[in-house]
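First the structure, in the form of structure tokens, and then the observations on it.
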Amino acid sequence: MAKRIEASNVSSYYGSFKAIDNVSMTVEPKTITALIGPSGCGKSTFLRSINRMHEVLPNARIEGRLTIDDQNIYDSDVDVTAVRRMIGMVFQRPNPFPTMSIFDNVVAGLRLNGVKRKSTLEESAEKSLRAANLWDEVKDRLGRPGAGLSGGQQQRLCIARTIAVEPQVVLMDEPCSALDPISTLAIEDLMFKLKDRFTIIIVTHNMQQAARVSDKTGFFSIDKTGDPGRLIEYDDTQKIFSNPSEKKTEDYITGRFG
Amino acid sequence: MGDYPSRSVDTDAGGPGATDGRDWAAGSGVSPSSPGHPPLGGGGALPKKSRFSTESGFRALSTAAGAMVLVIIVAIAIFLVSKAMPALQENTENFLTYKRWFPNDANPNFGIAALAFGTVLSSVLALLMAVPVALGIALFLSHYAPKRLATPLGFTIDLLAAVPSVVFGLWGRDVLLSPVRDFSEWLNKYFGWIPLFGGNGPFGRSVLLGSLVLAIMVLPIITSLSREVFQQTPGMNEEAALALGATKWEMIRTAVLPYGRPGVIAAVMLGLGRALGETIALALTLSATFDISFNLIESGGNTIAANIANTFAEANDTGRGALIASGLVLFAITLVVNMAARVIIYRRREFRDNAA
């Protein structure tokens, strides 16, 4: 239940502004891939292109090919909602639905897909919350508002909500940047656990985090403001952080730039 | 205004260097104040709190404004009760259950039942017609229409809210009357077996016409308030729904409508308040009968406010008192409606507060 993602020559635009230029990379199933780079380098844009969330913004479009197990997700006859069910996403700021209880939040995706049976929903909610390491903390208050949890718990709730629909791939857009170190650690532990089932791609500003959690790392950069972001180097995390082939990568990870 | 001590006090209280404005500014180079003025951050003794500041003045002013609300409400209640009591004492029938309205007779007999019923019926009917349309327009404006279209259209809706009710009343009487009459006859012919559409006529100046005009009148206020709350839905919640594989409509159902619910309820209640109190439009479109009937299409119908407008001019003392008593009932109905709305909104306060 995890799939390979292949991007070839992907460029993303906001109107006439080109945000990323000609990115190609292959992500193997059941791995964690980290995307790092300075602000505005297009790593989030690339991530949002993978589940077609990029096109939610007005005038946004992409060029190139993005396939998941050899099916181009940008084919004109592909149902975009099916793509997003297959490729889940966790956002930078925890965004549980404020009007819903913890339980309703977790099963929101299932309900959207027409699951109505209470026992199925309950089973799935428990399974997802356990998988998100949140079950023990919330099992006694599933009817309470999801937005009443702490930031770290909310983010794990969002992860539970994402994996409840059983996607193939989970995208995470700086999932820890609004969290304290303890909550961050909890999410990182969770990622290791989820790696058995999902292909994970994470955008992060935190290079230690990338080094800790990922198998492969992609380094994005821009030459100057207004230029499109490009994928400078993509390799095993070990290699990127010990012996990168590109000078720019080395400058960035050693803190000389960015 | 006495916020800063004078220079001489400054010099007395502080140490060397910190007290002389000229030296201080020249020496440090960080002071934004020019030489001769004490630095804003305070350079000497702390100034005394002044006793008559704008702070306490404004506080008194706003407290008085707040108290004014209570005074006005109490004054209105006292006025209504004191004027209504004598008339109610002269009434020979039960005010709450009697249907007729003859307060000017030598033997005054009048009751609120038919009027209160007509008021609630026409308002509820108006909301049934207006709310679905209003929510549709609001969602279209906030989530479907391209910006170029949404802005002028929203502006037009707001303009509609500014049309005076007497204009709506005249327009409804002159323009809507005959289509409503034709439609009523059609309904009566084919659906006459439903009591709502039964009767032998005449049709036209009916509850249906009155409610239709009311519906058009409350449409803009419900639309523009709902649009406002729908637009405030956090973008990150909309994205969360979309990322779960929701279509646009599913996203609206999952993220936008629940988030906007308290606001929509408030908007509907405001609309209901306007409908309940509406006077002239209904005085012009209903035909002022005193019956309790669910028949929507036969000429008839009446409301508390319309009855006041229609009969106040020829009322004697008791008649005026009776009308004021009816106003008191209208006041009570609106109060109950508003309180019910609060209860609905507060029941889910826990969720709403977290949403903020």
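Note: Cβ is positioned from N, Cα and C throughout, glycine not excepted.
Nobody curates TrEMBL annotations by hand; they come from automatic prediction.
What TrEMBL records for B:1-48 is region 'Disordered'.
Marked as transmembrane segment by TrEMBL: B:58-81 (among others).
According to TrEMBL, the feature transmembrane segment maps to B:110-141 (among others). Taking Cβ pairs closer than 8 Å, the transmembrane segment (B:110-141) reaches residues 91, 93-103, 150, 153-154, 157, 207-208, 210-212, 214-219, 222-224, 226-227, 230, 252, 256, 264, 267-268, 271-272, 275-276, 282, 286, 289-292, 294, 296, 301-305, 307, 322, 325-326, 329-330, 333 in its own chain, all 6 or more past its ends.
Annotation source TrEMBL lists domain 'ABC transmembrane type-1' at B:116-341.
Marked as transmembrane segment by TrEMBL: B:153-171 (among others). Beyond the ends of the transmembrane segment (B:153-171), by six or more residues, the same chain brings 137, 141, 145, 213, 216-217, 219-221, 223-224, 227, 278-285 to within a C-beta distance below 8 angstroms of the stretch.
Here the transmembrane segment (B:203-222) has Cβ contacts under 8 Å with residues 118, 121-123, 125-127, 129-131, 133-135, 137-138, 157-158, 160-161, 163, 165, 168-169, 171-173, 176-178, 180-181, 183-185, 188, 267-268, 270-272, 274-275, 278, 281-282, 285-287, 295-301, 303 of the same chain, all six or more residues outside its ends. Taken from TrEMBL, the feature transmembrane segment applies to B:203-222 (among others).
Beyond the transmembrane segment (B:263-286), the same-chain residues lying 6 or more positions past its ends with a Cβ under 8 Å from any Cβ of the stretch are 118-120, 122-123, 126-127, 130-131, 134-135, 165-166, 168-170, 172-173, 177, 205-207, 209-210, 213-214, 217-219, 221-222, 225-226, 228-229, 232, 257, 300-303, 305-306, 308-310, 330, 333-334, 337-338, 341, 344-345. Residues annotated as transmembrane segment in TrEMBL: B:263-286 (among others).
The feature transmembrane segment is assigned by TrEMBL to B:322-345 (among others).
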